[in-house]
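Notes to accompany the following structure.
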């Protein structure tokens with residue numbers, strides 16, 4: 001008996017009548033790109049905040065406060081007047097207009113502060129100091145390397161320079177970059193007195209820049225006609241006030257060094273506290289807090305009630321500087337000092353109220 005073997009036809013995948021799935025790349029791709037972009041932006045903001053956190057309360061908040069409050073006194077601290085051009089950007093500063101420019105003032109301070117902090121925290125000495133004082137910073141946390149920080153600055157600096165130009169604070173922004181170079185790359189931040197001097201001048205740049213941005217930008221750096229130049233800039237009294245505040249910073253800013261003595265000693269930084277003695281530093285801080293509280297009130301010819309506004313905070317700072325001596329206590333004193341020197345910025349408003 002014989003059997004016939006019948007070969008079955010080979011069925012390939014191509015011959016199967018399977019339904020084809022229609023691709024919808026547009027919605028999926030765009031959504032993925034948007035999510036990736038959002039994640040990248042949030043990651044950068046988080047990284048930037050890691051660099052900014054320690055100096056945000058010391059620089060960005062007080063300087064923004066200075067700019068906004070000073071702009072609220074156009075008859076005293078600015079040259080803006082009712083004869084200013086009718087352009088929307090160059091209208092005389094009104095309270096509503098000034099408050100609308102608050103985000104721009106804050107952007108000016110944060111962006112320029114970011115450049116300073118990137119330059120400061122990437123140095124080898126700063127990393128050694130942060131091991132003791134601020135171990136939560138991005139480089140020590142492994143979120144970014146020192147070389148990557150340097151490369152990030154190559155992108156951030158041109159962007160910040162462009163922003164300064166658009167905001168009308170090009171001169172102040174350029175000055176901040178020069179001071180940043182002196183402080184970080186030339187070691188100015190490690191020398192006693194020089195460190196305080198650089199910080200004081202930097203405060204002047206931040207404060208005057210904040211005022212310029214708050215009142216609508218300095219027309220000397222904008223595209224307005226020559227006949228309108230100078231209409232939106234600090235007045236002579238405004239520049240005097242900026243200089244006085246820089247004097248406050250020069251003589252009392254060392255209060256922030258009291259809490260950082262361990263790290264400053266490790267990196268060999270010659271702060272007044274370490275170079276001339278902690279007792280000398282605390283005594284001079286207490287003296288100048290009292291001196292400037294009285295001098296600023298006298299400068300604005302304020303009465304006893306207005307002086308009391310500043311004197312209460314000043315008394316607390318003086319008492320803590322002389323009595324409380326611990327890193328944690330000094331950190332609290334430093335925050336109160338920030339409140340005290342920010343309270344000085346209210347004085348011109350009290351004159352016009």
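Glycine too: its Cβ is placed from the backbone N, Cα and C atoms.
For the transmembrane segment (27-49), the residues of the chain that approach it from at least six positions outside its boundaries are 114, 138, 143-144, judged by C-beta separation under 8 angstroms. If you look up TrEMBL, you'll see 27-49 (among others) marked as transmembrane segment.
The transmembrane segment annotation in TrEMBL covers 56-78 (among others). Long-range contacts of the transmembrane segment (56-78) within the same chain, counting only residues at least 6 positions beyond its ends with a Cβ under 8 Å from a Cβ of the stretch, are 92-93, 95, 98-99, 101-102, 105-106, 109-110, 113, 203, 206-207, 209-215, 232-235, 237-238, 241, 245, 256, 335, 338, 341-342, 345-346, 348-349, 351-352.
What TrEMBL records for 98-116 (among others) is transmembrane segment.
Under the heading transmembrane segment, TrEMBL lists 152-171 (among others).
For the transmembrane segment (279-300), the residues of the chain that approach it from at least six positions outside its boundaries are 241, 244, 247-248, 251-252, 254-255, 257-258, 271-273, 306-307, 310-311, 314, 317-318, 321-322, 337, 340, 344, 347-348, 350-351, judged by C-beta separation under 8 angstroms. Residues annotated as transmembrane segment in TrEMBL: 279-300 (among others).
Within the chain carrying the transmembrane segment (306-322), a Cβ under 8 angstroms from the stretch's Cβ atoms is held by residues 255, 258, 282-283, 285-286, 289-290, 293-294, 296-297, 300, 329, 332-333, 336-337, 339-340, 343-344, 346-347, 350, all 6 or more beyond its ends. The transmembrane segment annotation in TrEMBL covers 306-322 (among others).
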